[in-house]
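Report on the following structure.
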Amino acid sequence: MLFKNSKWIGSFSRRSRLKPDVDEILEKYSIQNSKESIEKIVNSQKRIWVEIGFGNGENMLYQVLNEPDLLFIGCEPYLKGVSRLLTNIEIQNIKNILMWTEDARELIANFPDNSVERFFILFPDPWPKRSHNKRRLINTEFLNLLAKKILITGEIFIATDHQDYAEWIASHIKQCNSLIYREDDFTSYTLTKYHRRALKDQRKVRFFKVSVINNLQTMDQ
């Protein structure tokens, strides 16, 4: 089903449910979507990174193990991937992860402005049919929302192996007055399931590093 109660056009659908024991574990890592609870979390953390659509959680695990001082919030509606990540963080006793399994845009809207150091959007659904393009996660409205939430020194990392979507992403970033981007490989990153699939199928992967437009120092690094 698509999340029809959201003000956003649905960009995903859910096809499964968690087993009761896994659902119980998820409660320990779930973030509450209210401005008050999110502001409390933000005020208690030095650094916050957010991944929108974390899949099986490969990138999240890699990042939190290498950056133990940050809080990583992952958003993923597909519960099979959520279950796999929960298993891994329980085995490895990881404490600096929180999860959200509904529409990421509803959660991000409640973040204080200038509070997130980094956003990851890795291989979002390209919705390749022209009639479905309106369902694409990345558009000017959503990018403007992210621009409000990232720190002045923050970055948005986007990856896609769908060339039409890449051109769409570039076009929509250019429509955001507060954002600028360059195409460049990520230096701190691990291959995800969809990246490995792209390499196997010999599809070019395009990486976007997006910064607030007056953060020239970051863009020059």
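Heads up, the Cβ atoms here are built off N, Cα and C, so glycines get one too.
Mapped onto three states, the DSSP output places Asp125 (active site) in coil. Here Swiss-Prot flags Asp125 as active site, drawing on similarity to another entry.
The S-adenosyl-L-methionine binding site annotation in Swiss-Prot covers Glu51, Glu76, Asp103, Asp125. Following the DSSP three-state reduction, the secondary structure of Glu76 (S-adenosyl-L-methionine binding site) is coil.
Look at Asp161 (substrate binding site): DSSP puts it in coil. For Asp161 (substrate binding site), the Cβ neighbour count at a 10 Å cut-off comes to 19, with all displayed protein chains included. Positions annotated as substrate binding site by Swiss-Prot, on the basis of sequence analysis: Lys129, Asp161.
The two recorded residues, Asp125 (active site) and Asp103 (S-adenosyl-L-methionine binding site), show a Cα separation of 14 Å. Counting in whole angstrom, Glu51 (S-adenosyl-L-methionine binding site) lies 25 from Lys129 (substrate binding site) by their C-alpha atoms. Here Glu76 (S-adenosyl-L-methionine binding site) comes close to Gly53, Phe54, Gly55, Gly57, Val82, Leu85, Met99, Trp100, Thr101: these same-chain residues lie at least six apart in sequence, with C-beta atoms under 8 angstroms from its C-beta.
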